[in-house]
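S.K.: So that we are looking at the same thing, I have put the structure below in structure tokens.
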Amino acid sequence: MDKQYVVALDQGTTSSRAIVFDRDANLVAVSQREFTQIYPKGGWVEHDPMEIWASQSSTLIEVLARAGIHSDEVAAIGITNQRETTIIWDKLTGKPVCNAIVWQCRRSAAICEALKAQGLEPLFRDKTGLLLDPYFSGTKIKWILDNVPGVRERADAGELLFGTVDTWLVWKLTEGKVHVTDPTNASRTLMYNIHSGEWDSELLKALDIPASLLPEVKSSQAVYGTTRIAGEGTEIPVAGMAGDQQAALFGQLCVEPGMAKNTYGTGCFLLMNTGKQAVKSEHGLLTTIAVGDDGGISYALEGAVFMGGATIQWLRDELGLIRDASDTEYFASKVDDTNGVYLVPAFVGLGAPYWDPDARGTLVGLTRGANRNHIIRAALESIAYQSRDLLDAMSKDSGVALKQLKVDGGAVANDFLMQFQADISGVEVLRPAQTETTAMGAAFLGGLAVGFWSNVDEIRHKSGIDRRFVPLMDDKERATLYLGWQDAVRRSLSS
């Protein structure tokens, strides 16, 4: 039967999803299953790897049924995933040695501090482009080896395997035949040298992690193995893989240097493709790996804002100022400006470019005339201001003045926010017609790997624009407003 579809598996932090795309990159069907969030202690976050697999495999079966298609019509299954989340399992039984340690989990903070005290942060920064932070996989692995009884001995004996979620899914899909990851996921582990494209023995020694745990690193645009849906039917290639933010970058076809996208979710993730040059940031950004137009390694600068959509949730859940996130556009548009009010949502500290974990939220500029609408508008504007901070840092690091910003994520439906983002940044904001850009990135990678699409040029026109938001604010007003934001941020910083 003619293969007319590609399936993307989108394994996220709170749910597993499967999406079917046709040859024109139209979304045909979606299936989604949430799974349990486990919080054993303050600052600890876990997932059950078997529940991740159960939720993801069931969505795969379900989405084909919803689309009304058979497995022999599927050209490839591509994968995108929550990055950094760490799983270790027995290579013979497939049983995890403990729950997955999620990217949000802070339990390995003491390990990071010990490595910093040894003066090792510059080494890790130079080789991986990352900071020594519990966010990344390497110190999570070390924590498991040091704290779960018997695991280090089993690891040293070669009995165990490590993987981020992509690796775990491929291993399960191929029934334990394939232990593999891609460069985008490997680059988030603190163990992968982004310049040589290899696991780094010096970093492994510093972390005391045996190399036998690690998966083979293959191209993001490769065929890794095959799978049968529910153990039946045609063998489908498992092909194409990238971490969620890099998949979104590719789904937005930001494959050339200077192209950037911002994902507006709980937080915001802004990535700029820097081509074949790994740009070392001097302004608080991470250097990471992206997927090039040939499927090979490109580099990117990445900045993360901790509180994006979560700021709007705070307005709703803690302050009761709105009933639904969509209400913000209505209330913000009822006033001409914020009446001098700025909200800095540093509720869990500030991420890039400040990296101040002890910064705290501030609401400044309040006068007797300030009302609910001004505060709601200030909350929305804070998302755009924080993104402007990242854009400015990227321009300084890369030497490229951005002209366009591609956007995705739930908050891009808010026209007020998108227009203010364009205004305060002085760049054109492009909202795609297809908002499932992360899944589309995985689908594109899978389809390209098996020849479903021949090259990036063939898929370029399949990614249309819903609306262009052009800057309408004059330079003087933009500068004045941004100075006010910078002053508000200074008040929120810990020192």
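Glycine is treated like the rest: Cβ placed from N, Cα and C.
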S.K.: Which of Y39, Y135, Y192 shares the glycerol site with R83, E84, D244, Q245 per Swiss-Prot?
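M.R.: Given R83, E84, D244, Q245 bind glycerol in Swiss-Prot, the matching entry from Y39, Y135, Y192 is Y135.
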S.K.: Going by the ADP site in Swiss-Prot, where T13, R17, G309, G410, N414 are listed, which of the candidates T266, T274, T367 is also part of it?
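M.R.: Looking through T266, T274, T367, the residue Swiss-Prot assigns to the ADP site is T266.
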S.K.: I need the nearest neighbour of R83 (sn-glycerol 3-phosphate binding site) among the binding-site residues T13, S15, Q313, using C-alpha distances.
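M.R.: Looking at Cα distances from R83 (sn-glycerol 3-phosphate binding site), the smallest one goes to T13.
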S.K.: Distance between G410 (ATP binding site) and Y135 (sn-glycerol 3-phosphate binding site) at the Cα atoms, whole Å?
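M.R.: Between the alpha carbons of G410 (ATP binding site) and Y135 (sn-glycerol 3-phosphate binding site) there are 23 Å.
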S.K.: Quick one: pull the CA-CA distance for D244 (sn-glycerol 3-phosphate binding site) versus R17 (ADP binding site), whole Å only.
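M.R.: For D244 (sn-glycerol 3-phosphate binding site) versus R17 (ADP binding site), the Cα atoms are 12 Å apart.
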S.K.: Do me a favour and check the Cα-Cα span between R17 (ADP binding site) and E84 (sn-glycerol 3-phosphate binding site); whole Å is fine.
M.R.: 18
S.K.: Within 8 Å of the centroid of the Cβ atoms of T13, R83, E84, Y135, D244, which other residues of that chain place their own Cβ, given that this set defines the recorded sn-glycerol 3-phosphate site?
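M.R.: Nearby residues not in the site list: Q82, T85, W103, R188, G243.
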